[in-house]
Amino acid sequence: MKQPDQKVETIQVEELIHRVHSFHDDGYRLVQISCAQEGDAFEVTYSFDKNLSISHIRIPATPENPIPSISKIYLASFVYENEIADLFGIPFSGIAIDYKGTFFRTSVPHPFGTSQITVVKKKPEEQHE
Amino acid sequence: MSKKIIVPFGPQHPVLPEPIHLDLVLEDERVIEAIPSIGYVHRGLEKLVEKRDYKDYVFISERICGICSFIHGATYCQAVEQVMGVEIPRRAEFLRAIWSEYSRMHSHLLWLGCFADSMGYENLFMDCWKVREKILDVLERTTGGRVIQGVNRVGGVSRDMDKEELNRIKSEIPGLRADYVELTRIFDEDLTVQSRTKGIGMLPKDTAWELGAVGPTIRGSGHAVDARMTGYGAYDELDFKPVVRTEGDCHARCMVRTGELFTSLDLIENAIDRIPEGDIIVPVKGNPSGEYYAQTEQPRGEVIHYVKANGKKNLLRHRVRTPTLANVPALVQMLAGCELADVPVIVLTIDPCIGCMER
């Protein structure tokens, strides 16, 4: 069955807290926060759900500019914000429970945020070298 | 006031086969705060999407979890199919629904067994897993795999069930229903279970919503939140009704799962009665371009698979929001104020799947 098309609304970082407050006041549930690379920068998407209908808002992000945490509005956001900070290196300001980079244990810092991972293909006989 | 001490719980703990760490801040025997810490089994599976063909990646997405593997694969396929505008055969959607419900039953029976074990109820644990074997037998018979089924494809499924098999499955349902009646009676009425679960690990209705809980965790607190209600796949034709309890305690979350065993049987029966004839897969050509958030219901709750593609064979991004990650804030809330001895039981009631959560 074809699912309904999804619309993602892009907003500015300055509008984020106001918009999230509106979702909260209208009784929406925070579904998830995700991050993806967009060119040289990133985009962070917030998803909310009410009455089986899901809405998304998106902001641009860079590792240099902290994003205001929404954990004062939706406490549950702390897991997503810590996850994005650890995997992408995008800072959040004012997270209610801030792990300061220790939520995910990764062998290299911010593995999804930079191209520091190189895949090396080896033949079976070379694998122990 | 008593002196505060911190007791580490996990990452290795007898009731939790998977690694999560909690720092339990105690005053005497009472937990006043629980601080979770994860990352022990982060495998970077999402990153692999940049290196693998989007069609081959179906098999990696199934390996995100060793319990709800089928639904991960189906949801990933659903996301890619939506991006590409592929309409899969109706029969394939029904087959996905049948296997999804078998996955749910095997996961719930596994959990019920582990839950009984966490209360020291060994023979109940074995009873649950004995019934679970019957479910795994069907999965193995129809897909070739007990835990990893490997039948999902972008565009449909790779295996069909003939009429004889569907009739056989249907004939086995009354026996399973009788098994479930007996298990439900024990979980609902047994004094041992009641004394360890009733009024413990309270999650009030408003708090569950505020904390973004999903699955049996939020349904045990009075909210009818279930992605199957959106009617994805074949669920729009299967007369699905969510199981909801209002008590908000460990017992309620347990009884939601026992109730869902019966719901799954009803859905499978309806699917067998209504499955149309026809193809099970359509050829998919070209590469995806665009993005989509696919939302389905796993045994532990709603899962989101996000895919983003730019017309190449490797996707730009695959992100999975698993139900366990969404239930961590609710878990922290439930643990605050509980007795130390109740911690294992409360942790288990969110049915934590750490391999899933960390990907």
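Every residue gets a Cβ built from N, Cα and C, even glycine.
Computed from a predicted structure; not experimentally measured.
Secondary structure at B:Glu46 (Mg(2+) binding site), as computed by DSSP, is helix. According to TrEMBL, the Mg(2+) binding site annotation covers B:Glu46, B:Val320.
DSSP assigns B:Cys68 (Ni(2+) binding site) to coil, not to a helix or a strand. Look at TrEMBL and you will find B:Cys65, B:Cys68, B:Cys353 tagged as Ni(2+) binding site.
Long-range C-beta contacts of B:Cys68 (Ni(2+) binding site), restricted to its own chain and to partners at least six residues apart, with a cutoff below 8 Å, comprise B:Ser103, B:Arg104, B:Ser107, B:Gln298, B:Pro299, B:Arg300, B:Val303, B:Cys353, B:Cys356. As annotated by TrEMBL, Fe cation binding site applies to B:Cys68, B:Cys356.
Marked as domain 'NADH-quinone oxidoreductase subunit D' by TrEMBL: B:120-282 (among others).
Residues annotated as domain 'NADH-quinone oxidoreductase subunit D' in TrEMBL: B:287-359 (among others). Taking the domain 'NADH-quinone oxidoreductase subunit D' (B:287-359) as a whole, pLDDT averages 85 in the prediction.
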Inset, instruction - For the recorded Ni(2+) site, whose residues are B:Cys65, B:Cys68, B:Cys353, find every other residue on that chain with a C-beta no more than 8 angstroms from the centre of their C-beta atoms, and list them by sequence position. - result: B:Ile64, B:Gly66, B:Ile67, B:Ser69, B:His72, B:Ser107, B:Gln298, B:Pro299, B:Arg300, B:Thr322, B:Thr324, B:Gly355, B:Cys356
Inset, instruction - Pick out which of the binding-site residues B:Cys65, B:Cys353 has the most other Cβ atoms within 10 Å of its own Cβ. - result: B:Cys65
Legend entry - Pairwise Cα distance for B:Glu46 (Mg(2+) binding site)/B:Cys65 (Ni(2+) binding site) [Å, integer]: 13
Legend entry - Listed in sequence order, residues with CB under 8 A of B:Val320 (Mg(2+) binding site) and six or more positions away: B:Glu46, B:Ser61, B:Ile64, B:His72, B:Val303, B:Ile304, B:His305, B:Tyr306, B:Arg359
Inset, instruction - Report the DSSP secondary-structure composition of the domain 'NADH-quinone oxidoreductase subunit D' (B:287-359) as helix, strand and coil residue counts. - result: 28 helix, 26 strand, 19 coil
Legend entry - Cβ neighbour count within 10 Å of B:Cys356 (Fe cation binding site): 24
